[in-house]
Amino acid sequence: MAVYVDENTKVIVQGITGHQGSFHAGEMIKFGTKVVAGISPGKGGTKFQDKVPIVNSVADAMSFSPDATMISVAAPFVKDAAYEAIDAGIGIVYILTEHVPFHDTMEIVHQAKRKGITVMGPNGPGITVPGKCKIGIMPNQIFKDGDVAVASRSGTLTYEIVEAITRSGMGESAVIGLGGDPVVGLTFIDVLKKFNDDPKTNKIVLVGEIGGNNEELAAAYIKANIKKQVVAYITGRSAPPGKRMGHAGAIIEKGVGTAESKIKAFNEASVKVADYPVDVPKLLR
């Protein structure tokens, strides 16, 4: 299997009749993702785009044997939606929603770990394996099948760097958005393990940002365990301490989480750090 998802992955969409959910479910179908059902309470028995069955609950969707779910519901309802999916035993739960309450996310991640479920996000752009499966909101046209795996804490920077890789003539084996909140389901180390074990992946790109110590921990893991080439980019170098920059997780406090500390850690792990997103492909050659 490819990293987390492949061409056989069956996906359901929680919130498929909402503005965001319906648009991105449609784009996923265009990409080739097997969207087998959508969930929208009270609208069961109807169909999305005249072909995808809509049901009232995740329990009702289990007859379609889903492997993954995309959650696109308002922040106050994310916890209930995620618990529905986790309790049903769906293996991958990707949460797109932004502004999910901090403690809700902590409880979701804790419950998922107890049940052996992989949670991605919240506040992330999704996961894509080019030519096979896309879950989330990443633009369809930026991808090309290849051997570069990308993991990112930033949505729009993911698109920019992936497009630069594609334009350079290289391509991607997998692209994973971790999410921009202080607490998310996956860390860089989690995906590094997957990338390292994936025979199709030969090169790895990590797109980090200020805040927390995710990048520093990843650098230590790379130094000890990863033999494949790794390139990084860190955004937020000019951010003043104490000011949140875009994401809830992008904040420097008391000298912790600075761009300088992350770049230093990567340099010590022999990871080249790009000055600009467009420089990433040059460092991969």
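Cβ coordinates come from backbone N, Cα and C, glycine included.
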- Considering the CoA binding residues Thr17, Gly18, His19, Gln20, Leu96, Thr97, Glu98 given in TrEMBL, which of Lys43, Lys47, Lys79 is annotated for that site as well? Lys43
- Item | Where the record names Thr17, Gly18, His19, Gln20, Lys43, Leu96, Thr97, Glu98 as binding CoA, the maximum Cα to Cα distance in Å | 24
- If you measure between the CA atoms of Leu96 (CoA binding site) and Tyr159 (substrate binding site) and round to the nearest Å, you get 16
- Mean pLDDT over the domain 'CoA-binding' (4-100): what is the value? 98
